[in-house]
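What follows is a set of notes on a single structure, which appears directly below.
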Amino acid sequence: MSVTVSWKAAGHALVSPSEMAKADRLAVEGGVPSADLMEAAGRAVADLAAETMSARRASGPIVVLAGPGNNGGDGFVSARYLREWGFDCAVMPLGDPAALKGDAALMRDRFDGPVIEAAPDALADAAMIIDALFGAGLNKPLEGMAAELVDAANESRAIRIAVDLPSGLCGATGRVSGSCFRADATVTFFAPKPGHILAPGRFLCGGQDHLHVADIGIKDAILAKTGANTYLNDPGLWGLDYPHAGPTSHKYVRGHLLVLGGREPALGACRLASIAALRVGGGLVTLAAPSETYPIQAGALTDVLVRRIDSNFGFLGILADPRIAVTLLGPGAGIGEKTAELAIRALESGRNVVLDADALSSFAGRLDALAVQNKADVVLTPHEGEFARLFSDLDPNEDRLGAARKAAKRVGGIVVLKGVSTVIAAPDGRAAINANAPAWLSVGGTGDVLSGMIAGLMVQGMPAFEAACAAVWLHGEAAMGIGPGMIASDLLDAIPSVLP
Ligand SMILES: NC(=O)C1=CN([C@@H]2O[C@H](COP(=O)(O)OP(=O)(O)OC[C@H]3O[C@@H](n4cnc5c(N)ncnc54)[C@H](OP(=O)(O)O)[C@@H]3O)[C@@H](O)[C@H]2O)[C@H](O)CC1
Ligand SMILES: [K+]
């Protein structure tokens, strides 16, 4: 049985532990015995364990740490298969295995191999440790013997495989409090959970290339019934909405974007955003440059129309051109009333608006001002500091997905909460987690490039949520191709190489 089943399409949906429990329940109601699910789960773990032992040419004892619930049940199944295949495999239960119930008790009884006392020292000589302590049912930080076993496993030289989730990791939020098993690889079932993709969960599972999604007999069709609306951000999610240039497309079809020019000292920010918008296929970009900066901007830009503005009215005068579909405010715009006023007027004009950087900070404490009539799409692209200023009651460190979702609902727009796991959330509840951003992307100016990419895709007619997802993913891919030492402007030349 192949372990690494190509991940179910269905838009690469992720399921929370509670949605997974619903999938489980629906499968059983649909006639699949729950014991069969556990048997398939445990078999998938054993497959990966056996494959890994031979791939690493490892030999020696395998210890399965079995917890008090169904995660532990999976562990007993995997141990049974591994022994059938000739491996020296023992189960080390946490607590009294006689207390196991239901399917876990059944699988315990089917296991006739050694059951050894829980002792952290006994893990030192293991060639492999399989963590079947806790999975979707984790409901508090590890403590006592559970924590000691996980800490000892992490300090050992053993290959470490996690069943469903590394024990200590919350499947819903990707958060860890206290000890957590550090897996070299993880086998989960049916679909990944947000905790497998959100940092630090992604790293504790062994990295995305070592996250195996096993088919345990729950039909794809059940996914839609779980209500899952969280996605891994990748082309599978937004590819169908991507605005490929057609033979008849010309610059006005590909859209006209208006960018508000920046002021000292961040004159380059709006240039980065403007070129980025063209690089992703935007047809035309006008940069409205405050008069004192006009000569600099006009001298620095070839591909962008540069218009001089002496005041807000100048900007609004340009905005009156009906061909302008999207406007981007923020990069270098200056924080304050004037910038906020322009954003509101742009929204009132029915244009799609991307708010970044200073435009975001200009709304601190007055987000309600964004709730204008006949508002088109608005996309906010805060980093964590800007998010804290705008949504001081929401804590991304507690629940990143939940915070981004609540923020999106509150502003009635798309919120791109940037970071090592950028989350794109829509007011209708959809959210995507991005997982391809390399560490070197956190350098000045990359946010300006991203905001320009989002605006550049929206101006071509791509729906706001999908445009934000696509831009975030392309932004990460472009950075991956450049490598350490990258500066923001390098991204501009790298974008064409990653466009679909
Ligand atoms: N379709 C599926 O999803 C399948 C999943 N399988 C496996 O089942 C687990 C989920 O099993 P569950 O029994 O719900 O929960 P766990 O095994 O993760 O946890 C067991 C109980 O442990 C208690 N608990 C939780 N956290 C701690 C902690 N930090 N310290 C001590 N005890 C803890 C908790 O019980 P309480 O009484 O404390 O509430 C848990 O209920 C899933 O992850 C899969 O591996 C099926 O086998 C296959 C199908
Ligand atoms: K586990």
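Counting begins at 1 with the first residue displayed.
Glycine is no exception: its Cβ is also placed from the backbone N, Cα and C atoms.
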**Asked** Which single residue out of Gly444, Gly445, Gly447 does TrEMBL record at the AMP site shared with Lys418, Gly419, Val420, Ser421, Thr422?
**Response** Gly447
**Request:** May I ask you to find which of Asn71, Asn139 TrEMBL records for the K(+) site already listed with Asp131, Ser167?
**Result:** Asn71
**Prompt:** Out of Ala136, Ser421, Thr422, the binding-site residues in the record, which is closest to Asn71 (K(+) binding site) when you go by Cα distance?
**Reply:** Ala136
**Request:** With Gly419 (AMP binding site) as the reference Cα, tell me which of the binding-site residues Asp131, Ala136, Asn139, Asp164, His383 is the closest one.
**Result:** His383
**Item:** Neighbourhood of Ser421 (AMP binding site), C-beta criterion under 8 angstroms, separation at least six
**Value:** Gly174, Ile197, Leu198, Ala199, Arg202, Arg400, Ile433, Asn434, Ala435, Ala437
**Prompt:** Just checking the binding-site residues Gly73, Asp131, Ala136, Asn139, His383: which sit within 10 A of Lys418 (AMP binding site), CA to CA?
**Reply:** His383
**Item:** Residues among the binding-site residues Asn71, Gly73, Asp131, Ser167, Gly419 that border ligand 2 - Cβ under 6 angstroms, in sequence order
**Value:** Asn71, Asp131, Ser167
**In three-state DSSP terms, the structure that Asp131 (K(+) binding site) belongs to** = strand
**Item:** Cα-nearest neighbour of Gly447 (AMP binding site) within the listed binding-site residues, Gly73, Ala136, Asp164, Ser167, His383
**Value:** His383
